[in-house]
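J.: Found this in Swiss-Prot, in case it helps:
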type	residues	note
TRANSMEM	40-60	transmembrane segment
BINDING	His117	chlorophyll a ChlzD2 binding site
TRANSMEM	124-140	transmembrane segment
BINDING	Gln129, Asn142	pheophytin a binding site
TRANSMEM	152-165	transmembrane segment
BINDING	His197	chlorophyll a PD2 binding site
TRANSMEM	207-227	transmembrane segment
BINDING	His214, His268	Fe cation binding site
BINDING	His214, Phe261	plastoquinone binding site
TRANSMEM	278-294	transmembrane segment
Amino acid sequence: MTIAVGRAPAERGWFDVLDDWLKRDRFVFVGWSGLLLFPCAYLALGGWLTGTSFVTSWYTHGIASSYLEGGNFLTVAVSTPADAFGHSLMLLWGPEAQGNFVRWCQLGGLWNFVALHGAFGLIGFMLRQFEIARLVGVRPYNAIAFSGPIAVFVSVFLMYPLGQSSWFFAPSFGVAAIFRFLLFLQGFHNWTLNPFHMMGVAGILGGALLCAIHGATVENTLFEDSEQSNTFRAFEPTQAEETYSMVTANRFWSQIFGIAFSNKRWLHFFMLFVPVTGLWMSSIGIVGLALNLRAYDFVSQELRAAEDPEFETFYTKNILLNEGIRAWMAPQDQPHEKFVFPEEVLPRGNAL
């Protein structure tokens, strides 16, 4: 008689079967994150293409914003809902549209649709990077880096209008529409003088500079290890040896600046840290704007410029330009308010 010792194999449930199917090796990995990413990305992109192709902004902004109305790639947009709707989610079955799809598009419901599905799509893409990193066995710094763009999207398209009176003050989804929003931020918030904007610019441009320097330095110090027609053919993805000389690169920059990175890990962490921190700082600044927080106000210069016509600085010039943006942009940007500015309140002074 034979006695078998051991555990009976556990019965596989539907969760295990689904887990196997989602993580199967295929051309486009799905994964659990794909259940969020793919539907949301598809709906956000589809909503944007539909809106820019066919949907007018006449009822919300008093403008034409689609290819059907004669716009082009730079001028079409999916526009924000009207100011009167506040922070309504603008659901298709909500009290505004009452299930009428055409009316829902006319009232700006597509903007909420694209913004919310876009936000969840970006989050799904970050989760995808976490999931694949875990399966491959690498650290999740790609996902951490992608938190920067997510922070910017959420702060600009969701947090800022939530701090203002309605979704109307968020940027519409279009090229020229984003430019309008930038002018709005400058005129109403003096955004370029905000220290968080300065940190964001330093991070993005600093990251671009580091990327250019790093790429050029690596190309400069490639080992001449082949007789191939060009240096790129000499590289094998599985080769054990280095493909460029860190020692030579270190010596080069030591001669240029008197200082250089000697640790590859610190160098690449720095290249990650600079742009991502810049994006996060910009996001924090936008949340501050949502709450109408002021940045730098050099009141002493403004007072002196008001008293002395011969005194002005670049700061006082910019303040006057901001007043001009507010006075001339508000009637165009918010026609529903029916703003009328008398001649005497329009900005005058040395700058204009």
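Just so you know, the numbers here start at 1 and follow the chain as drawn.
Just so you know, glycine gets a Cβ as well, placed from its N, Cα and C.
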J.: Neighbour count, 10 Å Cβ-Cβ cut-off, for the residue listed as 'chlorophyll a ChlzD2 binding site': what number do you get?
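T.: Taking all protein chains shown, the residue listed as 'chlorophyll a ChlzD2 binding site' has 20 Cβ neighbours within 10 Å.
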J.: For the transmembrane segment (278-294), what are the same-chain contacts with Cβ under 8 Å, counting residues 6+ beyond its ends?
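T.: Here the qualifying positions are 147-149, 151-152, 154-156, 159-164, 185, 189-191, 194-197, 199-204, 206-207.
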J.: Provide, as an integer number of angstrom, the distance between the C-alpha atoms of Asn142 (pheophytin a binding site) and His197 (chlorophyll a PD2 binding site).
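T.: If we compare the Cα positions of Asn142 (pheophytin a binding site) and His197 (chlorophyll a PD2 binding site), the gap is 24 Å.
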J.: Short question: which residues 6 or more past the ends of the transmembrane segment (152-165) have a Cβ under 8 Å from it?
T.: 80, 83, 86-87, 115, 118-119, 122, 171, 279, 282-284, 286-287, 289-292
J.: Measuring Cα to Cα, how far is the residue listed as 'chlorophyll a PD2 binding site' from His268 (Fe cation binding site) in Å?
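T.: Cα-Cα, rounded: 24 Å.
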J.: To the nearest Å, how far is the Cα of His214 (Fe cation binding site) from the Cα of Phe261 (plastoquinone binding site)?
T.: 11
J.: Which one is it, among the binding-site residues Gln129, Phe261, His268, that lies nearest to His117 (chlorophyll a ChlzD2 binding site) by Cα separation?
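T.: Considering only the listed binding-site residues, the nearest one is Gln129.
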J.: Let me know the most crowded of the binding-site residues, choosing from His197, His214, His268 and counting other Cβ atoms within 10 Å.
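T.: It comes out as His197.
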J.: What kind of secondary structure is Phe261 (plastoquinone binding site) part of, going by DSSP in three states?
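T.: Phe261 (plastoquinone binding site) sits in coil per DSSP, no helix or strand.
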J.: Give the distance between the Cα atoms of His268 (Fe cation binding site) and Phe261 (plastoquinone binding site), rounded to the nearest whole Å.
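T.: About 10 Å separate the Cα atoms of these two residues.
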J.: So what sits near Gln129 (pheophytin a binding site) in its own chain, CB-to-CB under 8 Å and at least six residues off in sequence?
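T.: Spatial neighbours, sequence-distant, of Gln129 (pheophytin a binding site): Pro140, Asn142, Ala143, Phe146.
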J.: So how many other Cβ atoms are close to Phe261 (plastoquinone binding site), meaning within 10 Å of its Cβ?
T.: 18
J.: Give me the count of other Cβ atoms within 10 A of the Cβ belonging to Asn142 (pheophytin a binding site).
T.: 15
J.: Per DSSP, to which secondary structure element type does the residue listed as 'chlorophyll a PD2 binding site' belong, with helix, strand and coil as the options?
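T.: In the DSSP reduction, the residue listed as 'chlorophyll a PD2 binding site' maps to helix.
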